[in-house]
Amino acid sequence: MYKNRVELTTTAPVNRALPNAPDGYTPQGETCPSKRPSIRNATALSSAETSWLKARRNNTKDALKAFLSRVDLGSFNGSDYIANHSANASALPNIGIAVSGGGYRALMNGGGALQAFDNRTTNSTHSGQLGGILQSATYLSGLSGGSWLVGSIYMNNFSDVSSLQDNGSVWQFQDSIFSGPTQSTTWDIGTVEYYSQLLGAVDGKSNAGYEVSITDYWGRSLSYQLINASEGGVGYTWSSIALSKDFQAGTMPMPLVIADGRAPGEILVPANTTVFEFNPWEFGSWDKSLSAFVSLEFLGSNFSKGTLATGEKCVRGFDNAGFIMGTSSSLFNQAFLQMNNTDAPSVVKDAISAILGKIGSENNDIAVYKPNPFYRYASQSKYTSSPSLTLVDGGEDLQNIPLDPLLQPQRHVDVILAVDSSADTTTRWPNGTSLVATYERNVDSSQRNSSLPFPSVPDQNTFVNLGLNNRPTFFGCNSSNATGAPLVVYIPNAPYIYPSNVSTFDLQYNTSERNAIIENGYDVATLGNGTVDSNWPACLACAILSRSFERTNTTVPKTCSTCFKTYCWNGTINATTPGDYYPTLKLH
C-alpha cells in the first residue's frame, strides 16, 4: 500500500542556498503540488539522488585527473587511467569525505582538512598538495560540529574554507553565542537586538502551533556565526540546496548531516541507535527500525500512514538550516543552561526555563520534530507510534564520524576519508572510538539495527599503542576480508604546529587561535605538507584508486603496494592499557 518512490517537486534553479522559507523561521502551510508528497520506503536511492549522481560522477573526472597528474605513482599514470575509463563512470573511484563531531574543534580541524582537499585554496595544487580531492568527491557528510562546517559551506554558496575564514562576516568565534555577532563586519548588532531576534524567531514557530525545544534557540544562535545573511539566515532552508543551479549541475559533492533518534529517557547504544539522515532532498533513516524517507521540503506537514489526508496543507520552512545543524549538535543545548549566568534578558531565560519545566532536564538535548512525518507509517516502531519524533546529537551513540550514510550499499562508495576530531582520551585526542562503535554496530553485534559492510578495526588501546590515532591509517585494504566495504582512510586530529585538542565545550576562540587550529588541520590532512612523509599524496591517491583497480582488473602499481605496507593496518593487536596520551608537536 506504500509507494517505494516519491517524485520530488522541481523548481526553477537558483544560484545558491537561499532564504526560501515562506515566513522566516515560522513554518507555513501552503497548497500542495499536484502530486502530493508521501513517505517512501528506503529500498533504494531517491529518484532525485539517482538523477543527480549521473551529473556528479561525470563532473568528478577532471578534478581527479588533475590531482593524480601531480602525484608520483612511478611508471603508473593515474591521470591516463581516469581518462581511459572515463566512458564508464561506475568504474572510477567514488569518494566520500566524513567530518566528525567535536564542537568548534571539529569545525576548525575539519575545516583545515577540507581546505587541504580544495583546489580553490591557494597553493593547494602545488606538488605534494591534496587540492582537488574535494572536487573529486561524491559525498560530504558532517555530524555535530562537523555539520556546522558542512552547513556553513553550503549555506554560503559552497564557499571555500579560506573565504569563510577571511570573510569577516562569519566564523567570528571570538563572539560568544551569548553576546551575538558583535564583531561581524557585516551583521554586527547589539546583544539586546540579538536576543530580540532569537526570541522573535522561535516565538513565531511556537505561536504557529509547533512545539519548540532548546534546540530551536541553539540552532538560531549558531546560525549567526555560520550563515552570511541578516538575522543568521533566518529563512534559509536545507532543502534549498537542491534548488541551487550549481548543485543541480553536479558541480559539488552532496552534503549529508546526521542525527540520532532517541525517545525521551532512552539510553543510546550503537547497536540499537536509529541514525537519521538529512540530505538536500529528503529526511529519514535507512535503518531497519524505520527504513523510510520524507521530502525534506515538506517536513512539518501532517503525514499519517505515509500520506497527507485530503485537506491537509503542505508545510514549508520547517527544515531551517540552523535547526538542522542544531539538531545534529543538540548536545550543546546544555550551553543554554548557562544562560542564567549571563546578561540575557529575563524573557529569554524564562522561555528556556519553561521548556525545561515541560520536558525535564534529563531531556534537554532533544530536538522535537512534531508532527512526526512517520507517524503510523508501515510497521509499528517507537518512531512511528508517537505524533512527535525526537532527535539528538549525531555523536551520542559514540559514532562520532558520520560514516553511516556513506556505507549504504546503494551509494557504492569506494573510499571514505574520515577526519576524526573526537576528544576520546583524557587529553582530548582521538583513539578510534568512533570506528570501533561503527564496527560493533554493523559487524560485531547480536542486536543489530544495521548490518552495513565495514572493515575490521582494532580496539581503542591498540589505536593508541600502535600510534594509529596519531597518523593516517587505512582500514579495509584487503577487500576480500571485507566484502562490499569501502576502504576507510582514518585521519585523526594530531598536533603538528598547534595543540588543537581544545575542549569540546569551549565556545569562544580568538582569531589567532582559530587560524592556528585550521592551519593545524591542514597539516593533519597533508602530513605537514608532506614534511612527515613526502610519499603521502601518492599513498592517499592509491587508497582512492584501490577499489577502482579491482573493478577494472588493473594490477596494483608498485608504488601503491609500498604505500599499503606503510599505511594499511596489518591486523596487529596490542590491547594493553596505555598510559596517558600526551603527543608532542610534529613540526617545530
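Note that Cβ sites are derived from N, Cα and C of the backbone, with glycine treated the same way.
Under DSSP, the residues of the region 'Disordered' (15-38) split into helix, strand and coil as follows: 0 helix, 3 strand, 21 coil. If you look up Swiss-Prot, you'll see 15-38 marked as region 'Disordered'.
Confidence annotation: the domain 'PLA2c' (31-574) carries a mean pLDDT of 94 in the model. Per Swiss-Prot, domain 'PLA2c' is recorded for 31-574, and the stated evidence type is sequence analysis.
The DSSP secondary structure for N77 (N-linked glycosylation site) is coil. Per Swiss-Prot, the feature N-linked glycosylation site maps to N77 (among others); the stated evidence is sequence analysis.
Under the heading N-linked glycosylation site, Swiss-Prot lists N88 (among others). In the shown protein chains, 10 other C-beta atoms lie within 10 A of the C-beta of N88 (N-linked glycosylation site).
Look at Swiss-Prot and you will find N157 (among others) tagged as N-linked glycosylation site, backed by sequence analysis.
Within 10 Å of the C-beta atom of N167 (N-linked glycosylation site) sit 16 other C-beta atoms, taking all shown protein chains into account. What Swiss-Prot records for N167 (among others) is N-linked glycosylation site, and it gives sequence analysis as the kind of evidence.
Annotation for N228 (N-linked glycosylation site): spatial neighbours M155, N156, N167, S169, V170, T186, W187, criterion Cβ-Cβ under 8 Å with sequence separation of six or more. The feature N-linked glycosylation site is assigned by Swiss-Prot to N228 (among others), with sequence analysis given as support.
Feature annotation from Swiss-Prot assigns N-linked glycosylation site to N302 (among others). In the shown protein chains, 18 other C-beta atoms lie within 10 A of the C-beta of N302 (N-linked glycosylation site).
Residues annotated as N-linked glycosylation site in Swiss-Prot: N478 (among others). According to DSSP, N478 (N-linked glycosylation site) sits in a coil region rather than a helix or strand.
Sequence annotations record features per position, and here Swiss-Prot assigns N-linked glycosylation site to N481 (among others).
Sequence-distant neighbours of N501 (N-linked glycosylation site) (same chain, 6+ residues apart, CB-CB distance under 8 A): R105, A423, T427, R428, W429, N493, P495. The N-linked glycosylation site annotation in Swiss-Prot covers N501 (among others) and is backed by sequence analysis.
Under 8 Å, Cβ to Cβ, and six or more positions away along its own chain, N529 (N-linked glycosylation site) finds G128, Q129, D523. According to Swiss-Prot, the feature N-linked glycosylation site maps to N529 (among others).
If you look up Swiss-Prot, you'll see N553 (among others) marked as N-linked glycosylation site. DSSP assigns N553 (N-linked glycosylation site) to coil, not to a helix or a strand. Within 10 Å of the C-beta of N553 (N-linked glycosylation site) we count 6 further C-beta atoms, all protein chains included.
Residues or ranges marked as N-linked glycosylation site by Swiss-Prot on the basis of sequence analysis: N574 (among others). Spatially close to N574 (N-linked glycosylation site) yet at least six residues away along the chain are N461, T462, N465, L466, judged by Cβ distances under 8 angstroms. When secondary structure is read from DSSP and collapsed to three states, N574 (N-linked glycosylation site) falls in the coil class.
Long-range contacts of the region 'Disordered' (15-38) within the same chain: residues 2-3, 6-9, 154-157, 201-202, 204-205, 207-208, 210, 220, 229, 231, 233-237, 240-241, 243-246, 294-295, 297-298, 300-301, 303, 306-308, 312-318, 320-321, each at least 6 residues beyond the stretch ends and with a Cβ under 8 Å from a Cβ of the stretch. Taking the Cβ of N478 (N-linked glycosylation site) as reference, residues of its chain lying under 8 Å away and at least six apart in sequence are, in sequence order, C568. For N88 (N-linked glycosylation site), none of the glycosylation sites have C-alpha atoms inside a 10 Å radius of its own C-alpha, out of N77, N157, N302, N481, N553. The shortest Cα-Cα distance from N77 (N-linked glycosylation site) to any of the glycosylation sites (N302, N481, N553) is found for N553. For N481 (N-linked glycosylation site), the nearest of the glycosylation sites by C-alpha distance turns out to be N553; the candidates were N157, N302, N553. Cβ-based neighbour count (10 Å, all protein chains) for N481 (N-linked glycosylation site) stands at 11.
Across the fold, the C-alpha of N553 (N-linked glycosylation site) and the C-alpha of N302 (N-linked glycosylation site) stand 51 Å from each other.
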